[in-house]
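Over in TrEMBL, the protein carries these features:
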SIGNAL    1-22  signal peptide
TRANSMEM  110-134  transmembrane segment
TRANSMEM  146-164  transmembrane segment
TRANSMEM  176-197  transmembrane segment
TRANSMEM  230-251  transmembrane segment
TRANSMEM  323-341  transmembrane segment
TRANSMEM  348-375  transmembrane segment
TRANSMEM  387-408  transmembrane segment
TRANSMEM  443-463  transmembrane segment
TRANSMEM  469-491  transmembrane segment
Amino acid sequence: MQTWSLVSICVLLGVVVRWGVSLNSYSGAGKPPIFGDYEAQRHWQEVTYNLPVHEWYLNTSDNDLNYWGLDYPPLTAYHSLICAYAAKFINPEWVELHKSRGYESPAHKLFMRTTVLLADLLIYIPAVVLYCLYLTEGTAKKQVSILLCFLLYPGLILIDYGHFQYNGVSLGLALWALLGLGLGWDALGSVAFCLALNYKQMELYHALPFFCYLLGKCIKVGLLGRGFFLLVRIAAAVLVTFALCWLPFLSDLGQIIQVVRRIFPVARGLFEDKVANTWCSLNILIKIRSILSSDSQIYLSTACTLLSVLPSSVRLLTKPTLWQFKLALVNSALAFFLFSYQVHEKSILLSAVPVCLLLNDLPFISLWFLLVYTFSMVPLFLKDGLLVPYVVTSLAFLLTSARLLSALERCSEAELRLGPFPKALRFYSVYFRMQPCVCVSKFYISVWVMAGLSMASVALAPPASLPDLFPVLVSVASFLHLLGFFIYFHIVQFSQLGRKSNRKNK
């Protein structure tokens, strides 16, 4: 009973922080004619409510795809339709065809913010609570501490409640999928992940680890026995789930092709804005988008992504344990973010939430990574007027994690799970010296660099010849951090040291 009381308090604190951030501005507020992501979500409600299903993804006189046309899978559209019915009931002007374009009012803002919170309360937060209670080892106090830090993680809060999106739905469904697999309910976990993938296509970042874990488990059990029947159940669950999600479009192959084209738009280019990935950082020295054709950029990024994600996935296929699965989720999502085609800054969320799963196992690195991730979106936060929420939520997360998880004290070689690697490399590079004092010093230097660049972005005017100086510096600094984390998580995954609790599964 006491544990659930503490859980309730943690959830309440998470809700309060989310609602506090939601009181601020949002993407594109008062900025016609295109506005921002807030208007995109409202417009999708307008489209799904007023137009027949077969026109949702088509360019027509009533559905201008150049104005925030639907570009997410069907489950997002169905969610927009549910929200539209509620909006229509409260105030029909909010979803009136054509006339509601760019609609802004305090009442509508309250409604939209409430829909995000309800989605979190129904999907994301319950999944986080159950993960911390059932798949996190330690005392009840430790589990509650992990829960509070998980719920206070600033990146998702700032994007969904500040910038304005519904990332908590797809990420929550992915967490439900991990819960299902972790508890041995593989078919149900597969259904949950299919729902996540049919809500946001970016869940493809996690698809290969899910596939390799389930296939590896089937092989481990025995493909000529129980493993075969498990594989059949999983395949049937996947096919049925996809069929139900796409049911309104299955009668016309042309509609399916059009939806797929909308979901995977290649015309947007290799990357968007100043994203902290390989191509944006490399573009400073080599203008890749000018040198290579669009097709060549797609081939290059696809090859690099596959090469970078395969080692982690193969490792998981041969050792399908929950520990390996969580590390593979991080490595796969990071590989896609760093090397894939058409990446935007918010895509790092697909890496950040899996890292939250490691708060109990790798608190020091997880805290550091999550702070860097949030910092990588500083230009976006400044554009949306979210400077104060960014600073407050980041400080709250840092202090809470450092206090409750003793994160800054858990950075020895054993705590970092590096196995034999530092011993082999420490004589060759100062970078690989893993004494706790060195690790903490590097952490503080990193924090001061992030704080300095954040303040410079706000207080200093860039030279006229370099108008994007500070966004580029933020991007490059974040990229160097993320590349280091990518290498680190691979070392941990391939190390022979794992969580003691998982050794029985190996």
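Placement of Cβ uses the backbone N, Cα and C atoms for every residue, glycine included.
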Legend entry - Intrachain residues whose Cβ lies under 8 Å of the transmembrane segment (348-375), provided they are six or more past its termini: 131, 136-138, 142, 146, 149-150, 153-156, 158-159, 167, 171, 174-175, 178, 202-203, 205-206, 276, 323, 326-327, 329-330, 333-334, 336-337, 390, 393-394, 397-398, 401-402, 405-408, 410-411, 415-417, 439, 443, 446-447, 450, 453-454, 474, 477-478, 481-482, 485, 488, 492, 499
Legend entry - Contact between the transmembrane segment (323-341) and the transmembrane segment (469-491) (at least 3 Cβ pairs under 8 Å, separation 6+): yes
Legend entry - Maximum Cβ pairs under 8 Å to the transmembrane segment (176-197) - stretch from the list 110-134, 146-164, 230-251, 387-408, 443-463: 230-251
Inset, instruction - Please figure out which one of 110-134, 146-164, 230-251, 387-408, 469-491 racks up the most CB pairs under 8 Å against the transmembrane segment (443-463). - result: 469-491
Legend entry - Dominant neighbour of the transmembrane segment (146-164) in 230-251, 387-408, 469-491, by Cβ pairs under 8 Å: 387-408
